[in-house]
């Protein structure tokens with residue numbers, strides 16, 4: 001190494017002025033540089049197997065050794081002059097030897113510490129295994145202790161139960177002993193009573209012989225009373241048949257085609273009509289008699305007198321079987337038709353229509369108002385309640401009745417089932433009007449639900465379902481207008497098993513669609529064409545209904561039932577063996593006077609028709 005430093009020394013001497021400059025610099029850095037270089041060289045000689053931890057420990061011990069050496073020396077060695085390079089090299093070699101010795105000592109300490117660390121890790125692993133074993137043992141012991149506690153609790157409960165049973169049996173034994181004493185006393189009392197009963201039996205046997213003679217007399221009286229009861233039953237049946245005959249005669253005197261007019265009240269937010277717009281003259285018997293006439297005034301701004309003054313309003317008078325002013329209640333309306341509903345129970349087909357423009361109160365008349373107010377119930381729920389009540393009374397006379405309901409609508413000449421549920425909703429194309437069987441006059445709607453009903457709640461559920469399924473839309477007259485004819489049919493079947501009598505007839509309650517006329521000059525957009533087709537279909541079916549009634553009244557050979565699905569479905573309730581009633585519903589508003597006049601004129605034509613005598617469907 002000294003040979004290697006010689007060229008450096010010569011180079012230093014050859015620098016001249018540069019060497020003097022370097023001498024003036026601090027001598028500290030050259031001394032620090034040499035230990036760092038030798039330290040790095042010594043660190044490179046450390047075996048690679050030494051881990052990070054042992055290296056850190058060795059480094060720490062090395063620096064501590066240096067610190068202690070510095071303290072032992074007490075004072076720093078004297079500094080050599082800058083030109084004494086051999087002396088500086090000697091000092092560096094000595095310092096390098098010391099560092100190598102310390103490094104070897106640190107390596108030995110590091111190996112010892114690694115061996116101690118391995119032993120500690122082995123001991124920790126052994127202790128962990130022992131700890132896991134002890135924990136498992138502790139868990140098992142605790143489980144056994146808990147099971148022992150549970151078994152001990154069960155044993156204690158069992159002991160308590162046995163003690164309670166023992167106590168109960170002791171009490172039961174005492175009660176049985178007490179009961180035994182009571183039974184012995186009772187046995188002695190019964191023996192005494194038996195002797196008394198034997199004496200009474202002898203007396204009763206004597207009375208029995210006399211009673212038997214009385215029984216023979218009573219049987220003879222019972223036979224005579226049974227004969228009298230049968231005669232009275234025959235008389236009651238004859239009276240019931242006579243009642244039906246007289247009831248039918250009364251309905252025929254009133255007319256097999258009757259027309260009632262009902263004017264709805266003015267609703268909130270509607271303009272109040274003038275005082276002379278609608279008048280209701282009193283009935284034929286005076287103010288106490290219900291009105292049968294209606295007078296309607298119409299002003300025409302297009303007409304004027306010669307003087308230029310507006311022409312006086314034109315008055316139109318109409319006469320019907322009964323007129324219901326705006327204040328009429330639902331129960332008053334039903335009371336007038338209750339006898340007609342009774343005819344359906346007697347075996348006569350009955351058909352009741354509600355006719356009029358949109359918003360005139362047809363649906364309110366037939367089904368009632370919203371909510372569950374009994375005062376607002378319409379004709380359908382009231383009619384069925386009346387039929388159920390009368391049928392219950394007729395059970396006492398031997399008649400049994402069954403009722404089957406259906407509810408369909410006719411929309412654009414397509415029949416839809418209003419009682420359809422689930423996936424069948426809206427599948428009107430599958431419903432067709434067909435004969436019930438070969439040679440049968442009865443009509444039925446294919447794929448429609450026919451629901452047996454026996455109480456009011458079942459009818460209410462059907463009406464609620466039908467209201468949800470019925471086709472409605474917004475029109476110029478009403479925000480929610482019925483765009484179809486709804487037909488509620490109730491097939492009534494009665495039987496008197498003792499006499500072998502049967503009767504059956506349909507009751508049809510029809511809420512017709514709004515009877516608005518078409519305006520030829522009205523320009524319709526694409527969105528209104530469907531409403532136009534609906535209106536055309538409605539007016540066509542209503543016209544066919546009028547033609548059918550006229551043909552029946554004129555006794556024509558051909559009646560155009562098949563021109564409309566409505567008349568085809570109701571043909572068995574429109575002919576000579578049926579009773580018909582039409583409600584013409586009109587609006588009290590002056591703005592609807594044109595439609596009101598059309599409805600009243602159509603109803604007047606129907607009111608003038610006369611159909612033959614009705615015949616009951618009896619077997």
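Backbone N, Cα and C define each Cβ position, glycine as well.
A TrEMBL annotation is a machine prediction, not a hand-curated record.
Quick look at what TrEMBL lists:
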type	residues	note
REGION	1-82	region 'Disordered'
COMPBIAS	34-43	compositional bias 'Polar residues'
COILED	82-256	coiled coil
DOMAIN	256-609	domain 'Kinesin motor'
REGION	282-320	region 'Disordered'
BINDING	356, 357, 358, 359, 360, 361, 362, 363	ATP binding site
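Overlay of TrEMBL annotations on the structure.
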{"residue": "356", "record": "ATP binding site", "Cβ within 10 Å": "30"}
{"residue": "357", "record": "ATP binding site", "Cβ within 10 Å": "23"}
{"residue": "358", "record": "ATP binding site", "Cβ within 10 Å": "22"}
{"residue": "359", "record": "ATP binding site", "Cβ within 10 Å": "24"}
{"residue": "360", "record": "ATP binding site", "Cβ within 10 Å": "29"}
{"residue": "361", "record": "ATP binding site", "Cβ within 10 Å": "21"}
{"residue": "362", "record": "ATP binding site", "Cβ within 10 Å": "28"}
{"residue": "363", "record": "ATP binding site", "Cβ within 10 Å": "22"}
